[in-house]
Ligand code: ATP
Ligand code: MG
């Protein structure tokens, strides 16, 4: 099959293919971008596969960056764009289910396509727009089916992350899992325990953010994969409760998705949970903020002091999630309260510890901190002006 119209992203990248071909090697567009082009979806990350070995690729282009030579990947800078150019490879023996024990570079496109996960991810596209489709991926694309390349159980045994990827692509494409493929996934979910958490997080996160997250999540639940994910064993019913969110709701950020997940799981110690998922501290803090806001909101409207602790974006994301939970919401009131605050950062306070010590005779120590907190909250509550004279009068009245 030939693409009648090459999307502009590929046209822009054609010189890269052509230069590799001029040097006597094969080169193709591969992976998700070809799938997305065939589905008329927006394309991101145009990936290129080639028969040239990394050192050979580097000879062809004047501007390259070594980003993963051991995996065969060279970043090629072409005009304003950058492309990952990866040598055809096989990943033959997986000893620990985590990563290939050896990556072998090969000169054959077929070998490279064979090691890819799903038939719809295993296309190659040449410079003329011709689609190489060795595994009937076009038919699967037409029928909206996700099918493992080759023998499903072998492929998931080689790399169990593909199980999570299967759920994730279901969530992003809305496709069905082919029967044998799903059967193998269900049998092999215990292998997920052996996959690095960081890789699993990426796939689960993409699943939650995808438009058909309900589809991906319901397969994940059906397969009982959760039993092999950090702190999620036995959580079928709680996970199911995510389906109570408003129809057609999609998560607007990772933080919001994970806050909804932790809320559904009734996680008591979010920091611990997210530590087990090895997320960044900043991410954990943002999810924690959302959970705290959700809890505060259960008690009614947010006070000025409540709003002061968070940024407006978090406050509104939590409110949106509440809306999806079918609860009463008032984003406008929250915005107004937030905007009515005298300041959002105590650095803007017209007093500090130094002034208290030098001008008011306070000693460094806990009492100083208490007085500063008291002033800060009095200003936040709107009972004291953020003004030197007003603070002065307040301090005198306090003594
Ligand atoms: P997205 O559009 O979300 O980036 P993608 O299909 O490009 O989806 P990537 O994770 O970027 O997915 O991987 C690029 C390609 O590499 C895939 O399309 C697939 O062919 C191959 N691939 C990636 N990870 C694996 C894996 N674990 N096992 C087999 N093939 C994989
Ligand atoms: Mg990609």
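Cβ coordinates come from backbone N, Cα and C, glycine included.
Binding site for CTP per TrEMBL: 32, 35, 159, 162, 165, 168, plus 116 from the candidate set 107, 116, 214. Taking the binding-site residues 35, 162 in turn, the residue surrounded by the fewest other Cβ atoms inside 10 Å of its Cβ turns out to be 35. A straight line from the CA of residue 162 (ATP binding site) to the CA of residue 45 (Mg(2+) binding site) spans 20 Å. Residue 168 (ATP binding site) sits 18 Å from residue 45 (Mg(2+) binding site), taking the CA atoms of both as reference points. Taking residue 47 (Mg(2+) binding site) as the reference point, the binding-site residues whose C-alpha atoms are within 10 Å of its C-alpha, out of 32, 35, 116, 159, 165, are 32. DSSP places the residues of the domain 'CCA-adding enzyme C-terminal' (249-394) in helix, strand and coil in these numbers: 98 helix, 0 strand, 48 coil.
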